[in-house]
Each structure stands twice: as C-alpha cells, then as structure tokens.
C-alpha cells in the first residue's frame, strides 16, 4: 500500500494565508496542458517546488495524482475555478478517474483548507473505481480548536440568517395588515426596465412556440407584421438586459443573424407582464424542426451550410464600418434549435442569451464592454451535446479566451454541418437519407449526460459517423470529410476559422470556378462566393387586435422529436 507523498516537508513555513483567501500547493508536471496558474496568485517562495498559490475565484484546492505500477506521481496541484461539491472536505481524500494510458489511474481530490492538497494518506485500489478513499490525516490538537471555532462561526451565521428571515416575514405581515402593497424585489441593474421600457399597444401575442429556462418565445404581430416575442419574467431581467445589450451593438445587422426590432414591456396578460425582445419571425422554424420534416438536395444543403458559416464569421469578426465599431462575439450556444430557417432556405443564427463580447485589437479607447467575472463565467456554455471537448473537460485556454471561445464555436458549427449533410439525399446511393438524428444521438441517445459526452468526445475522441458514400458525390471527394475533421479537431488550435469554413463551402458550391487559396488558411481556402440575391416573399399580413388579445392566425406545432420545446411553423387560418 502506498504511503504519504510527504509534500508538506517541501513547503516553506513562512507562507501564511490571509483569513479570507485560500492558499494551496501549486505544481504542474512538465507537459501538462491547460495551466491553472491564472486561477490564483503565485506567492514568491523561491525556486523550490512545489510552490504556493493564493486562490482568486474560490476557496477550494485540488490535487491530481497518476498511479502507475503502484507508484504515484503528482500531475497537478492548485486552485479550483469555483467551489464545487467536495470542496467542503477538510482533507484530501482522492477518488479514482479513468486515464487514457493503459495501466494508469488518475486520482483527484478537492478540499477546503489551506495546503490541504499537499498530501494524502491512502489511495484506493485502482481496480475498484468509485471506492472512497480512506480517512485523511488525523487532526492535530491545534486543528481541533480551529474546527471548533469554525463550527461556532457557522452556528452564529445560521442564527443571523434565521433572524433575517423572521424579520422579513414580520415586515411582510405588517404591509398586509396596513393594506399596503408588498414591495417586489428589484433586480440589480443599471437600468430599471419597468420605467425605461414602453408598452406597445399594437403588439399582440398569438401562441407559444418555445419555452426556455429564462424566457418564453411567442408568435405575434406588431403593426400588421409577423414577429417573434421573447418574453422574460421579472426574475430574469439580467438575462434580458445581457441579450438586449448584444442586439443593440452598432453594426450587428446581417442577413444571417436574427434581426432585432425593439425592446418593450408587457405580456399576454397583466399578471405575466415583463421585459420583452421583439425579433424577426422565421415561420419555417428551427433547423432541428426543418431537418426533421424535410430533406434537402445538394444545392439547398450547401445553401444552409454556407449561410450558417457566414453568420458565424460575421459574429466572430471585429470590424469598423461607417465609423462604427463592431466587436467580435462568441455565440457559445450554437445548436440546431438556435438556428432558424429563412424563407429563402438559408439560415439565421438566433438566441444570443449566452453570447459574449470578446476582447479586441482595434477597439476605441472609450469602449468598455462588460467582462466575464472569472473562469467559470468564461467557460459557461449552452447545450451540452454541442460543447467542445475543451469545455467538457474544462481545459479551455484562459490566457487567450477570446480566440478559445471562437474555436469552441467552430466545433459546434461542425456538428451542425454534419446534421445538415446527413439529410441530403444526393449524398446517398439510394437517394433516401435516414431519419434525422442530432449529433451523437446514434451513439448516446436523446439525452446524453456530461460524463457520457466526456468519455466519447474527449477520452475516445470519437465524432459523428461520416458515411463513405459522401465521397462519391462531391467534386472534391475528400472535401466534406476534411472540412468536418478540420472543424471538430480535438486540438482547438488546429481548427479552421469561421471565415475559412465559408470559403471552403464556397469552393464546394462552385467547383467549376478557379479559387486561389490564401496562405493564411490551413490547407487552402478559396475566396468568398458572391452574395445570393434571392428575394424573400413577404409574409401574409393578418388582422390583429390590441395587445393581450389573440391574433387571427395559428401556429402548427412541428415537433423536433429530439427536444421537448420544438420549433414551430406559422400558418394562416
């Protein structure tokens, strides 16, 4: 049985953690990717290893050991990016985790006392994953006093919290006895939406077309035109203001980004009143719904793929136009539910609820975008199925997080391109593609867990299956396969940019043209194809009564069978 590593003896005795900051042992073995150095402040303790680090974003330490042939080696030690389950432990109790190398097992621990990640007393046998580790080191007499003080402090804190709750209930009761309205909690915001936003009497609600965690999307009409209304409850005003701020950025107008019309307040009833985003409505619904219901020939599939890449390239681009600065933006929640189909069959990217403004190189001096608070906010992402491997295993490059988030979007884009091409009959010898499946649905089913996705996409490095018949149709036999593989590469730095993706797709759309390849794009990227000028037929204008009354059209639910909140199709009655 392994004994203690004895790392405590290597720590300088002069390091003392301030009472409000956690101090941990810091060490990273040579060759380890994804440094956690930015999660804390390295203390100047000389050149000896390991060093000490003072945590910036949590009060939790971690340690990772590699057990090979009954011999343990330290892989990483440092601060966690947030307080996670297990951080309440006073000692380092390692638990096993699979290792990609045969004959090796990783052991990890989280703990919440100073330098607690420096040592462990016992590692569980590698052949019994899930076996809890043995108890940590016995507490010294001084530690017993410290633990008693901690328990006393927690008791006093609980008592104070209980008193605050009782006081709030008494105040609420007094308001009711005196007949005064109970004051509602006001969200912490620089702008009071209830005062700033005006109601639109001509806005009417028809039918719910999608429900999310922070908002409900309605089909409706504004001044005789069909619109989508994203209604937020008052408790989600922070999400409303974040998404509104992005839509109101100068220069964000693009054919393949859902068009923002206005912000308002109201609802289908007085009791449901809250902040609203009024957006362009696309009656054909989401990409998921469309692919479930229809197949698309080679030209239509390339049209959807190219327009999707153009929209993402525009979001990612930092540019000046007509004296206005548009920053680069990472979407962070690309999925076939958040991409809509326009009347001309092209795509429009929607749902900027998790989108993030990226640091730029040419931004004006007065430009002060809201920066994310800590690594946890940077690595926040949307639909798990479309999350890049570096987000699943939390190894995103925090040194250059702007570029890292762009690369994570490219991975999601590759999965959407695969979904589009999987419904193209021209890529099948019998012209009969199989029923639509989401990315990884064939491998993991409808509701994969994060652990299942991590094992498949990170540990095994598997990707959705590309049929060999795709090579038989395209003018460039390996073009489709190379495009997808260059977008969902396990190495984020090896992935294409969104601009290069649209140039590759343009070459597939117009193979007869001569395309010079710029040197800046890996494996060559042809220039952009000309903009498509296909006109969009105007939607039918239907009569509408004032706000909170039903509109004279109905929404036919067109289920995307893989999602409980499907996209919908509008149809006049």
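Just so it is clear, glycine is given a Cβ too, placed from its N, Cα and C backbone atoms.
Here is what Swiss-Prot says about this protein:
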- 1-17: signal peptide (SIGNAL)
- 18-149: topological domain 'Extracellular' (TOPO_DOM)
- 55-79: disulfide bond (DISULFID)
- 66: N-linked glycosylation site (CARBOHYD)
- 92-109: disulfide bond (DISULFID)
- 119: N-linked glycosylation site (CARBOHYD)
- 150-170: transmembrane segment (TRANSMEM)
- 171-573: topological domain 'Cytoplasmic' (TOPO_DOM)
- 209, 210, 211, 212, 213, 214, 215, 216, 217, 230: ATP binding site (BINDING)
- 333: active site, proton acceptor (ACT_SITE)
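Below 8 angstroms of C-beta separation, not one residue of the same chain at least six residues beyond the ends of the transmembrane segment (150-170) sits close to that stretch. For the pair residue 92 (disulfide bond) and residue 79 (disulfide bond), the Cα-Cα distance reads 13 Å. Of the listed recorded positions 211, 333, the Cβ environment within 10 Å is emptiest of other Cβ atoms at 211.
Over the topological domain 'Extracellular' (18-149) the predicted model carries a mean pLDDT of 77. The Cβ of residue 79 (disulfide bond) lies under 8 Å from the Cβ of 22, 24, 26, 36, 39, 40, 53, 55, 56, 57, 58, 60, 61, 62, each of these being in the same chain and 6 or more residues away along the sequence. Note on proximity: of the recorded positions 66, 109, 119, 333, the one nearest residue 217 (ATP binding site) is 333, by Cα distance.
When the C-alpha distances from residue 213 (ATP binding site) to the recorded positions 66, 109, 119, 333 are tabulated, the minimum falls on 333. Proximity to residue 211 (ATP binding site), defined by a C-alpha to C-alpha distance within 10 angstroms, is shown by none of the recorded positions 66, 109, 119, 333. Contacts of residue 215 (ATP binding site) defined by a Cβ separation under 8 A and a same-chain sequence distance of 6+ are given as 230, 231, 232, 233, 236, 239, 240, 353, in order along the sequence.
When every Cα pair among 209, 210, 211, 212, 213, 214, 215, 216, 217, 230 is compared, the largest distance found for this ATP site is 14 Å.
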